[in-house]
Amino acid sequence: MLVLGIESSCDETGLALYDTQRGLLAHALHSQIAMHREYGGVVPELASRDHIRRALPLLEEVMAQSGTHRDDIDAIAFTQGPGLAGALLVGASIANALALAWNKPTVGIHHLEGHLLSPLLVDEPPPFPFIALLVSGGHTQLMRVTDVGVYETLGETLDDAAGEAFDKTAKLIGLGYPGGPEVSKLAETGTPGAVVLPRPMLHSGDLDFSFSGLKTAVLTQMKKFEAAKLDGEALERAKADLARGFVDAAVDVLVAKSLAALKQTKLKRLVVAGGVGANRQLRAALSAAAAKRGFDVHYPDLALCTDNGAMIALAGALRLGRWPEQANADYAFTVKPRWDLASLAR
(Lines of atoms letter the chains of each structure in order from A and count residues from 1; the text may use other names and numbers.)
(Lines give C-alpha, C1' and ligand atoms only; values in the text may rest on other atoms or scores of the structure.)
Protein backbone atom coordinates (compact mmCIF):
# COMPACT_ATOMS: atom_id res chain seq x y z
CA MET A 1 0.00 0.00 0.00
CA LEU A 2 1.34 3.42 -1.01
CA VAL A 3 0.07 6.37 1.03
CA LEU A 4 0.55 10.08 0.49
CA GLY A 5 0.79 11.94 3.82
CA ILE A 6 0.01 15.63 4.32
CA GLU A 7 0.92 17.51 7.53
CA SER A 8 -0.22 21.10 8.15
CA SER A 9 -1.20 21.33 11.82
CA CYS A 10 0.96 24.35 12.73
CA ASP A 11 3.96 25.98 11.08
CA GLU A 12 5.43 23.21 8.95
CA THR A 13 4.07 21.99 5.64
CA GLY A 14 5.09 18.37 5.11
CA LEU A 15 4.33 15.86 2.37
CA ALA A 16 5.62 12.32 2.05
CA LEU A 17 5.09 8.99 0.33
CA TYR A 18 5.24 5.81 2.41
CA ASP A 19 4.97 2.29 1.03
CA THR A 20 4.24 -0.63 3.34
CA GLN A 21 6.67 -2.83 1.39
CA ARG A 22 9.44 -0.38 0.53
CA GLY A 23 9.26 2.07 3.44
CA LEU A 24 9.60 5.83 3.17
CA LEU A 25 10.03 6.71 -0.50
CA ALA A 26 10.23 10.49 -0.27
CA HIS A 27 9.45 13.37 2.04
CA ALA A 28 9.64 17.14 1.71
CA LEU A 29 9.17 19.82 4.33
CA HIS A 30 8.87 23.58 4.45
CA SER A 31 9.31 25.34 7.79
CA GLN A 32 7.76 28.74 8.45
CA ILE A 33 10.26 29.68 11.17
CA ALA A 34 11.75 32.59 9.22
CA MET A 35 8.31 34.03 8.49
CA HIS A 36 7.13 33.91 12.12
CA ARG A 37 10.43 34.97 13.72
CA GLU A 38 9.70 38.70 13.50
CA TYR A 39 6.47 38.16 15.46
CA GLY A 40 8.08 36.02 18.16
CA GLY A 41 5.65 33.16 17.58
CA VAL A 42 3.26 31.53 15.14
CA VAL A 43 0.64 33.80 13.54
CA PRO A 44 -2.23 31.43 12.61
CA GLU A 45 -3.51 33.37 9.60
CA LEU A 46 -0.04 33.63 8.08
CA ALA A 47 0.54 29.94 8.75
CA SER A 48 -2.63 28.95 6.89
CA ARG A 49 -1.83 31.11 3.88
CA ASP A 50 1.69 29.74 3.66
CA HIS A 51 0.43 26.14 3.72
CA ILE A 52 -1.65 26.98 0.64
CA ARG A 53 1.41 28.31 -1.17
CA ARG A 54 3.72 25.45 -0.27
CA ALA A 55 1.67 22.26 -0.50
CA LEU A 56 1.50 21.68 -4.26
CA PRO A 57 5.20 22.43 -4.95
CA LEU A 58 6.07 19.98 -2.17
CA LEU A 59 3.72 17.42 -3.72
CA GLU A 60 5.50 17.77 -7.05
CA GLU A 61 8.81 17.37 -5.23
CA VAL A 62 7.95 14.07 -3.52
CA MET A 63 6.34 12.66 -6.66
CA ALA A 64 9.44 13.46 -8.71
CA GLN A 65 11.83 12.35 -5.97
CA SER A 66 10.21 8.91 -5.76
CA GLY A 67 9.26 8.51 -9.42
CA THR A 68 5.65 8.05 -8.38
CA HIS A 69 2.60 8.60 -10.57
CA ARG A 70 -0.74 9.49 -9.05
CA ASP A 71 -2.14 6.14 -10.22
CA ASP A 72 0.38 4.39 -7.94
CA ILE A 73 -1.07 5.99 -4.81
CA ASP A 74 -3.60 3.92 -2.87
CA ALA A 75 -4.75 6.47 -0.27
CA ILE A 76 -4.15 9.96 1.09
CA ALA A 77 -3.62 10.58 4.82
CA PHE A 78 -3.88 14.05 6.32
CA THR A 79 -3.53 15.55 9.77
CA GLN A 80 -7.06 15.94 11.11
CA GLY A 81 -6.02 17.40 14.47
CA PRO A 82 -5.10 18.65 16.93
CA GLY A 83 -3.62 21.94 15.79
CA LEU A 84 -4.51 25.36 14.41
CA ALA A 85 -7.99 25.20 12.89
CA GLY A 86 -7.15 27.17 9.76
CA ALA A 87 -3.93 25.29 9.13
CA LEU A 88 -5.69 21.94 9.57
CA LEU A 89 -8.41 23.00 7.13
CA VAL A 90 -5.84 23.79 4.46
CA GLY A 91 -4.25 20.34 4.65
CA ALA A 92 -7.59 18.56 4.87
CA SER A 93 -8.97 20.50 1.91
CA ILE A 94 -5.93 19.75 -0.25
CA ALA A 95 -6.01 16.07 0.70
CA ASN A 96 -9.68 15.68 -0.13
CA ALA A 97 -9.43 17.72 -3.34
CA LEU A 98 -6.62 15.46 -4.56
CA ALA A 99 -8.56 12.40 -3.47
CA LEU A 100 -11.63 13.53 -5.40
CA ALA A 101 -9.60 14.34 -8.52
CA TRP A 102 -7.63 11.09 -8.35
CA ASN A 103 -10.45 8.87 -7.07
CA LYS A 104 -8.56 7.85 -3.91
CA PRO A 105 -9.81 7.30 -0.34
CA THR A 106 -8.61 9.51 2.52
CA VAL A 107 -7.96 8.92 6.20
CA GLY A 108 -7.67 11.57 8.92
CA ILE A 109 -4.76 11.10 11.30
CA HIS A 110 -4.19 12.30 14.86
CA HIS A 111 -1.07 14.47 14.81
CA LEU A 112 0.25 12.97 18.05
CA GLU A 113 -0.29 9.42 16.83
CA GLY A 114 1.95 10.37 13.93
CA HIS A 115 4.67 11.47 16.36
CA LEU A 116 4.08 8.39 18.50
CA LEU A 117 4.66 6.06 15.56
CA SER A 118 7.45 8.04 13.87
CA PRO A 119 10.27 5.97 15.46
CA LEU A 120 8.90 3.04 13.43
CA LEU A 121 10.32 4.75 10.33
CA VAL A 122 13.89 3.77 11.25
CA ASP A 123 15.62 0.77 9.64
CA GLU A 124 15.19 -1.38 12.77
CA PRO A 125 11.90 -0.25 14.33
CA PRO A 126 11.13 -1.13 17.94
CA PRO A 127 8.58 -3.92 18.37
CA PHE A 128 5.42 -3.46 20.42
CA PRO A 129 4.84 -3.00 23.31
CA PHE A 130 6.84 0.00 24.46
CA ILE A 131 6.67 3.11 26.60
CA ALA A 132 6.50 6.33 24.61
CA LEU A 133 7.70 9.68 25.91
CA LEU A 134 5.80 12.14 23.74
CA VAL A 135 7.40 15.51 24.32
CA SER A 136 6.70 18.55 22.14
CA GLY A 137 5.70 22.19 22.20
CA GLY A 138 2.11 21.42 23.05
CA HIS A 139 2.20 18.03 24.76
CA THR A 140 4.15 16.04 27.31
CA GLN A 141 2.84 12.54 27.93
CA LEU A 142 3.98 9.07 28.87
CA MET A 143 2.05 6.40 27.01
CA ARG A 144 1.99 2.62 27.09
CA VAL A 145 1.79 1.58 23.43
CA THR A 146 0.68 -2.02 22.93
CA ASP A 147 -0.09 -1.76 19.22
CA VAL A 148 -1.30 0.74 16.66
CA GLY A 149 -4.38 2.34 18.22
CA VAL A 150 -3.83 0.63 21.59
CA TYR A 151 -2.64 3.43 23.85
CA GLU A 152 -2.81 4.00 27.59
CA THR A 153 -1.94 7.36 29.11
CA LEU A 154 0.29 6.81 32.15
CA GLY A 155 1.12 10.44 32.87
CA GLU A 156 0.86 13.88 31.33
CA THR A 157 1.62 17.50 32.04
CA LEU A 158 -0.73 19.29 34.41
CA ASP A 159 0.12 22.72 32.96
CA ASP A 160 2.85 23.72 30.50
CA ALA A 161 4.26 21.18 28.08
CA ALA A 162 8.03 20.72 28.13
CA GLY A 163 8.46 22.35 24.73
CA GLU A 164 6.32 25.28 25.82
CA ALA A 165 8.52 25.70 28.89
CA PHE A 166 11.60 25.72 26.65
CA ASP A 167 10.07 28.41 24.44
CA LYS A 168 8.92 30.57 27.36
CA THR A 169 12.29 30.26 29.07
CA ALA A 170 14.01 31.39 25.89
CA LYS A 171 11.75 34.44 25.76
CA LEU A 172 12.46 35.28 29.42
CA ILE A 173 16.19 35.05 28.80
CA GLY A 174 15.88 37.21 25.71
CA LEU A 175 16.62 34.63 23.03
CA GLY A 176 15.19 34.45 19.54
CA TYR A 177 12.44 32.35 17.99
CA PRO A 178 12.10 29.39 17.98
CA GLY A 179 13.08 29.33 21.61
CA GLY A 180 13.62 25.63 22.27
CA PRO A 181 16.69 25.13 20.07
CA GLU A 182 18.08 28.51 21.14
CA VAL A 183 17.92 27.81 24.88
CA SER A 184 19.39 24.33 24.35
CA LYS A 185 22.26 25.78 22.34
CA LEU A 186 22.97 28.42 24.99
CA ALA A 187 22.80 25.79 27.75
CA GLU A 188 25.72 23.93 26.20
CA THR A 189 27.95 26.92 27.03
CA GLY A 190 26.73 27.19 30.64
CA THR A 191 28.44 25.81 33.74
CA PRO A 192 26.75 22.73 35.25
CA GLY A 193 25.52 23.43 38.78
CA ALA A 194 26.13 27.18 38.62
CA VAL A 195 22.36 27.73 38.77
CA VAL A 196 20.26 25.00 40.36
CA LEU A 197 16.53 25.12 39.63
CA PRO A 198 13.71 23.03 41.12
CA ARG A 199 12.71 19.68 39.62
CA PRO A 200 8.89 19.97 39.66
CA MET A 201 7.00 16.81 40.69
CA LEU A 202 10.19 14.76 40.65
CA HIS A 203 9.08 12.95 43.81
CA SER A 204 5.30 13.16 43.31
CA GLY A 205 4.89 9.38 43.24
CA ASP A 206 3.04 9.46 39.91
CA LEU A 207 3.96 9.89 36.26
CA ASP A 208 2.54 13.37 35.73
CA PHE A 209 4.58 16.46 34.88
CA SER A 210 4.49 20.15 35.72
CA PHE A 211 6.74 22.75 34.13
CA SER A 212 5.07 26.05 35.02
CA GLY A 213 7.01 26.29 38.30
CA LEU A 214 10.28 25.81 36.45
CA LYS A 215 9.40 28.69 34.15
CA THR A 216 8.62 30.84 37.21
CA ALA A 217 11.99 29.94 38.71
CA VAL A 218 13.69 31.20 35.55
CA LEU A 219 11.78 34.48 35.82
CA THR A 220 12.86 34.83 39.45
CA GLN A 221 16.51 34.32 38.48
CA MET A 222 16.27 36.91 35.72
CA LYS A 223 14.91 39.42 38.24
CA LYS A 224 17.87 38.66 40.50
CA PHE A 225 20.25 39.37 37.63
CA GLU A 226 18.47 42.67 37.04
CA ALA A 227 18.64 43.60 40.72
CA ALA A 228 22.35 42.82 40.74
CA LYS A 229 22.73 45.15 37.74
CA LEU A 230 24.54 42.52 35.72
CA ASP A 231 25.43 43.61 32.22
CA GLY A 232 27.77 42.84 29.37
CA GLU A 233 29.79 39.65 29.59
CA ALA A 234 28.69 38.97 33.18
CA LEU A 235 25.03 39.00 32.16
CA GLU A 236 25.64 36.76 29.15
CA ARG A 237 27.51 34.26 31.35
CA ALA A 238 24.71 34.33 33.91
CA LYS A 239 22.13 33.70 31.17
CA ALA A 240 24.13 30.74 29.86
CA ASP A 241 24.34 29.27 33.37
CA LEU A 242 20.59 29.83 33.82
CA ALA A 243 19.85 28.12 30.52
CA ARG A 244 22.01 25.19 31.63
CA GLY A 245 20.19 25.04 34.95
CA PHE A 246 16.82 25.03 33.19
CA VAL A 247 17.72 22.32 30.67
CA ASP A 248 19.31 20.14 33.35
CA ALA A 249 16.17 20.41 35.51
CA ALA A 250 13.77 19.66 32.65
CA VAL A 251 15.85 16.72 31.43
CA ASP A 252 16.17 15.28 34.94
CA VAL A 253 12.39 15.24 35.31
CA LEU A 254 11.75 13.75 31.86
CA VAL A 255 14.32 11.01 32.42
CA ALA A 256 13.18 10.18 35.96
CA LYS A 257 9.52 9.90 34.94
CA SER A 258 10.42 7.76 31.93
CA LEU A 259 12.42 5.39 34.13
CA ALA A 260 9.52 5.21 36.57
CA ALA A 261 7.13 4.32 33.73
CA LEU A 262 9.41 1.50 32.58
CA LYS A 263 9.67 0.18 36.13
CA GLN A 264 5.92 0.40 36.72
CA THR A 265 5.04 -1.46 33.52
CA LYS A 266 8.06 -3.81 33.57
CA LEU A 267 8.73 -2.95 29.92
CA LYS A 268 12.24 -2.70 28.48
CA ARG A 269 11.71 -0.39 25.51
CA LEU A 270 11.36 3.39 25.51
CA VAL A 271 10.46 5.40 22.42
CA VAL A 272 11.00 9.17 22.39
CA ALA A 273 8.94 11.27 19.97
CA GLY A 274 8.07 14.91 19.36
CA GLY A 275 10.11 18.04 18.73
CA VAL A 276 11.86 18.05 22.12
CA GLY A 277 13.03 14.53 21.27
CA ALA A 278 15.68 16.20 19.11
CA ASN A 279 17.27 17.80 22.19
CA ARG A 280 20.84 16.54 22.50
CA GLN A 281 20.95 16.78 26.30
CA LEU A 282 17.78 14.70 26.61
CA ARG A 283 19.04 12.07 24.18
CA ALA A 284 22.38 11.83 25.94
CA ALA A 285 20.77 11.45 29.38
CA LEU A 286 18.30 8.80 28.22
CA SER A 287 20.97 6.85 26.34
CA ALA A 288 23.21 6.90 29.43
CA ALA A 289 20.32 5.69 31.60
CA ALA A 290 19.53 2.94 29.09
CA ALA A 291 23.12 1.70 29.13
CA LYS A 292 23.19 1.71 32.93
CA ARG A 293 19.78 0.14 33.55
CA GLY A 294 19.55 -2.26 30.64
CA PHE A 295 16.68 -1.05 28.50
CA ASP A 296 16.44 -0.03 24.87
CA VAL A 297 15.75 3.55 23.83
CA HIS A 298 14.64 4.52 20.33
CA TYR A 299 14.44 7.92 18.64
CA PRO A 300 13.20 9.06 15.24
CA ASP A 301 15.74 10.48 12.85
CA LEU A 302 16.45 14.09 13.77
CA ALA A 303 14.79 15.27 10.55
CA LEU A 304 11.59 13.51 11.60
CA CYS A 305 11.37 14.89 15.15
CA THR A 306 9.68 18.03 13.90
CA ASP A 307 6.21 17.93 12.33
CA ASN A 308 6.41 16.11 8.99
CA GLY A 309 4.39 14.32 6.37
CA ALA A 310 6.28 11.03 6.74
CA MET A 311 4.76 10.27 10.13
CA ILE A 312 1.28 11.02 8.79
CA ALA A 313 1.77 8.76 5.76
CA LEU A 314 3.06 5.98 8.03
CA ALA A 315 0.16 6.30 10.47
CA GLY A 316 -2.28 6.29 7.57
CA ALA A 317 -0.76 3.13 6.09
CA LEU A 318 -0.76 1.34 9.45
CA ARG A 319 -4.36 2.30 10.19
CA LEU A 320 -5.70 1.35 6.77
CA GLY A 321 -3.77 -1.91 6.88
CA ARG A 322 -5.51 -2.86 10.12
CA TRP A 323 -8.88 -1.16 9.64
CA PRO A 324 -9.71 -0.69 5.94
CA GLU A 325 -13.15 0.56 6.94
CA GLN A 326 -11.54 3.79 8.17
CA ALA A 327 -10.97 4.83 4.55
CA ASN A 328 -13.22 7.76 3.65
CA ALA A 329 -14.46 7.63 0.07
CA ASP A 330 -17.17 10.32 0.17
CA TYR A 331 -14.73 13.25 0.74
CA ALA A 332 -16.73 14.73 3.61
CA PHE A 333 -14.34 15.74 6.38
CA THR A 334 -13.99 17.63 9.63
CA VAL A 335 -10.93 18.86 11.50
CA LYS A 336 -10.39 18.59 15.24
CA PRO A 337 -8.28 21.44 16.66
CA ARG A 338 -8.68 19.84 20.10
CA TRP A 339 -8.49 16.05 20.10
CA ASP A 340 -7.49 13.77 22.96
CA LEU A 341 -5.12 11.00 21.89
CA ALA A 342 -6.70 8.66 24.44
CA SER A 343 -9.93 8.76 22.41
CA LEU A 344 -8.20 6.66 19.73
CA ALA A 345 -7.72 3.72 22.09
CA ARG A 346 -9.42 0.58 20.83
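These residue numbers are counts, starting from 1, taken along the chain as shown.
Including glycine, each Cβ sits where the backbone N, Cα and C put it.
Annotated in Swiss-Prot:
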BINDING   His111, His115, Asp307  Fe cation binding site
BINDING   Leu134, Val135, Ser136, Gly137, Gly138, Asp167, Gly180, Asn279  substrate binding site
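Structure with Swiss-Prot features highlighted.
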residue : record                 : CB count, 10 Å
His115  : Fe cation binding site : 30
Leu134  : substrate binding site : 26
Val135  : substrate binding site : 29
Ser136  : substrate binding site : 24
Gly137  : substrate binding site : 22
Gly138  : substrate binding site : 18
Asp167  : substrate binding site : 24
Gly180  : substrate binding site : 24
Asn279  : substrate binding site : 26
Asp307  : Fe cation binding site : 26
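Taking His111, His115, Asp307 as the binding-site residues under consideration, the smallest Cα distance to Gly180 (substrate binding site) is found for Asp307.
When the alpha carbons of His115 (Fe cation binding site) and Leu134 (substrate binding site) are compared, the span between them is 7 angstrom.
For the pair Ser136 (substrate binding site) and Asp307 (Fe cation binding site), the C-alpha distance works out to 10 angstrom.
Taking only the Cα positions, the spacing between Gly138 (substrate binding site) and His111 (Fe cation binding site) is 11 angstrom. If you take the Cα of His111 (Fe cation binding site) and the Cα of Val135 (substrate binding site), they are about 13 angstrom apart, rounded to a whole number. Per the record's binding annotation for substrate, residues Leu134, Val135, Ser136, Gly137, Gly138, Asp167, Gly180, Asn279 show a top Cα-Cα distance of 17 Å. Reduced to three states, the DSSP call for Ser136 (substrate binding site) is coil. With respect to their backbone Cα atoms, Val135 (substrate binding site) and Asp307 (Fe cation binding site) stand 12 Å from each other. In sequence order, Glu7, Ser9, Thr79, Leu112, Gly114, Ser136, Gly274, Asn308, Met311, Ile312 are the residues of the same chain, not among His111, His115, Asp307, whose CB sits within 8 A of the CB centroid for the Fe cation site.
Counting every protein chain shown, 27 other Cβ atoms lie within 10 Å of the Cβ of His111 (Fe cation binding site).
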